[in-house]
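As structure tokens, the structure follows; a few thoughts come after it.
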Amino acid sequence: MSFVKDFKPQALGDTNLFKPIKIGNNELLHRAVIPPLTRMRALHPGNIPNRDWAVEYYTQRAQRPGTMIITEGAFISPQAGGYDNAPGVWSEEQMVEWTKIFNAIHEKKSFVWVQLWVLGWAAFPDNLARDGLRYDSASDNVFMDAEQEAKAKKANNPQHSLTKDEIKQYIKEYVQAAKNSIAAGADGVEIHSANGYLLNQFLDPHSNTRTDEYGGSIENRARFTLEVVDALVEAIGHEKVGLRLSPYGVFNSMSGGAETGIVAQYAYVAGELEKRAKAGKRLAFVHLVEPRVTNPFLTEGEGEYEGGSNDFVYSIWKGPVIRAGNFALHPEVVREEVKDKRTLIGYGRFFISNPDLVDRLEKGLPLNKYDRDTFYQMSAHGYIDYPTYEEALKLGWDKK
């Protein structure tokens, strides 16, 4: 391991990134947010947060007081899942471990929001079949890719277009998952409606070919996401709910900028959120994946969509906005983005490799390189063994 080469850090301590901001009921002391980072360390069976390492992992990254952490995506129910080593928030056994994590983050005087996750067609159909569960999506006549279609057929678990009753059941499970999270001590929840997972599959005209009230128009495609928003606001309060969107994302076979109506689709969602805000139910934040990163599996600078911007959201939605996507190596871009006083910045991959990232951003210190090979590996290595800047100096990284 070593510092990133060919990168000139810039101190950002004099920017709005280091001005306090209130998100929901939380008084953040800076605006560098840890976005959801799937790490595949949960225990199987049971999708239980890792008993040996998870508390340490989150504690390390909560070390700067006043930091907002959004957890790795957590499945709201067994049916929502399909990955053995991602955590859930439906069982007592899971919540025991989450409570330890939440307490550890709060002991560092930081804040924690749980990302609520439903996979849809991105799930492994064979895992679902093994557990007697459906392989769900918005439609059953268009597939994520040929490989997923073949896997589903081989597992005798063909892609299933959700019925209206099944949509209602998912909404109930979202509510229960949100209640479980808050009861265990979380500060709030983020609804994952981005990156090609189930709610995004309903938003996108490529994956949603329905002809009922959940498809066929901008309003109908947004219905499921907005019903989840309304149900959670009712259940736990608007100030404890945020929403993640990725208008230009192409991960998991979404349309991104290739869809001519994509801005109209997301402008409608933003408008509906602002309408609710004006009625006294403003969400804590909207979280946007930037077109700078259309696919999280690509290296920094690859797959950038240059034909559009998320700036349109600001003219509609008047609450806080978290922007995530390839910012760590571009402090000059961050300096511009945070001139807007409603903006927070999500730092993902470099929060994995730099547990003290906030200090480094403030002072303009070198950044630890990350090791992509350990992102999803069931090991403590690459999870809880990245050094702080001071530790890296003791290891002689500045001489490498």
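Using N, Cα and C of the backbone, Cβ positions are placed for all residues, glycine too.
In Swiss-Prot this protein carries:
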BINDING   Thr38, Gln115, Arg244, Arg349  FMN binding site
BINDING   His192, Asn195, Tyr376  substrate binding site
ACT_SITE  Tyr197  active site, proton donor
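Mapped onto this structure are the features recorded in Swiss-Prot.
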residue: Thr38; record: FMN binding site; Cβ neighbours (10 Å): 20
residue: Gln115; record: FMN binding site; Cβ neighbours (10 Å): 23
residue: His192; record: substrate binding site; Cβ neighbours (10 Å): 26
residue: Asn195; record: substrate binding site; Cβ neighbours (10 Å): 23
residue: Tyr197; record: active site, proton donor; Cβ neighbours (10 Å): 23
residue: Arg244; record: FMN binding site; Cβ neighbours (10 Å): 28
residue: Arg349; record: FMN binding site; Cβ neighbours (10 Å): 20
residue: Tyr376; record: substrate binding site; Cβ neighbours (10 Å): 14
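Among the recorded positions listed here, namely Thr38, Gln115, Tyr197, Arg244, Arg349, Thr38 has its C-alpha nearest to that of Tyr376 (substrate binding site). Here His192 (substrate binding site) is positioned 5 angstrom away from Arg244 (FMN binding site), judged by their C-alpha atoms. Using a 10 Å Cα-Cα cut-off from His192 (substrate binding site), the binding-site residues that qualify among Thr38, Gln115, Arg349 are Gln115. Calculated from their C-alpha atoms, the gap between Thr38 (FMN binding site) and Asn195 (substrate binding site) amounts to 12 Å. The CA atom of Gln115 (FMN binding site) is located 13 Å away from the CA atom of Asn195 (substrate binding site). Cα spacing between Arg349 (FMN binding site) and Asn195 (substrate binding site): 16 Å, rounded to the nearest whole number. According to DSSP, Arg244 (FMN binding site) sits within a strand segment.
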